[in-house]
Amino acid sequence: MTIRNYNYHMTHFVISAPDIRHLPRDEGIEVAFAGRSNAGKSSALNTLTNQKGLARTSKTPGRTQLINLFEVVDGVRLVDLPGYGYAEVPEEMKLKWQRALGEYLQKRNCLKGLVVLMDIRHPLKDLDQQMITWAVAVGTPVLLLLTKADKLASGARKAQLNLVREAIIPFMGDIQVEAFSSLKKIGVDKLREKLDTWFSEIPPEVMAEEFDGEGE
């Protein structure tokens, strides 16, 4: 497989949807970003794309309730899933979000990879593990980003990284773990490399459409 290098700076917003029934047709290829409400998911997307306002960062964790789609090129999309695990959100809303997340991960056929973001100081909370379990169950590869890595000294960061790598072995899935910091740009290259790999598995029909478009 030839790895294609994508220009993530060209990524643009497409649509916000409450559930998978309101998303575009289930075709092309998608990589989803998931994490607790305070894990730094929006900041990671903004850093990846070098666009400060692409994904809205909220001062009130738990405010983002929709599935947000961003297009890199035709048929290649990044998906910002609703943040989870915020204590002050009503229980009914929590359950609604969890249903939407589970349904997307289990039923969206064009999903080819899942990026789960966790604060490096508080990794693998129950809902993080649930996301990983859902992904592994349907054979979706996972990249775990331990965010806010700049909050730890180099030695402590490496120790925490190794601890999480040991802890995820029982999940028995295709799971990679990397340290990440939007502020210090730690792990951004690793994220881009993984996305390029996943997106290089793009279906032939999408590649054909891109090629036809370039010839116009």
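Cβ from N, Cα, C; glycine included.
Marked as domain 'EngB-type G' by Swiss-Prot: 27-201.
Residues or ranges marked as GTP binding site in Swiss-Prot: 35-42, 62-66, 80-83, 147-150, 180-182. Within the same chain, the residues at least 6 positions away from Lys148 (GTP binding site) whose Cβ sits under 8 Å from its Cβ are Gly40, Asp119, Ile120, Arg121, Ser181, Leu183, listed in sequence order.
Under the heading Mg(2+) binding site, Swiss-Prot lists Ser42, Thr64, citing sequence analysis as support. Mapped onto three states, the DSSP output places Ser42 (Mg(2+) binding site) in helix.
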Going by DSSP, is Pro82 (GTP binding site) sitting in a helix, a strand, or coil?
coil
Tell me which of the binding-site residues Gly35, Pro82 sits in the most Cβ-dense spot, judged by other Cβ atoms within 10 Å.
Gly35
Long-range Cβ list for Leu66 (GTP binding site), cut-off under 8 Å, min separation 6+ in sequence, same chain only, gives Ser16, Ala17, Pro18, Pro82
The domain 'EngB-type G' (27-201): mean pLDDT?
91
CB contacts for Lys41 (GTP binding site) [other CB atoms within 10 A, all chains]
26
At a 10 A cut-off on CB-CB distances, which of the binding-site residues Asn38, Ser42 has the highest count?
Ser42
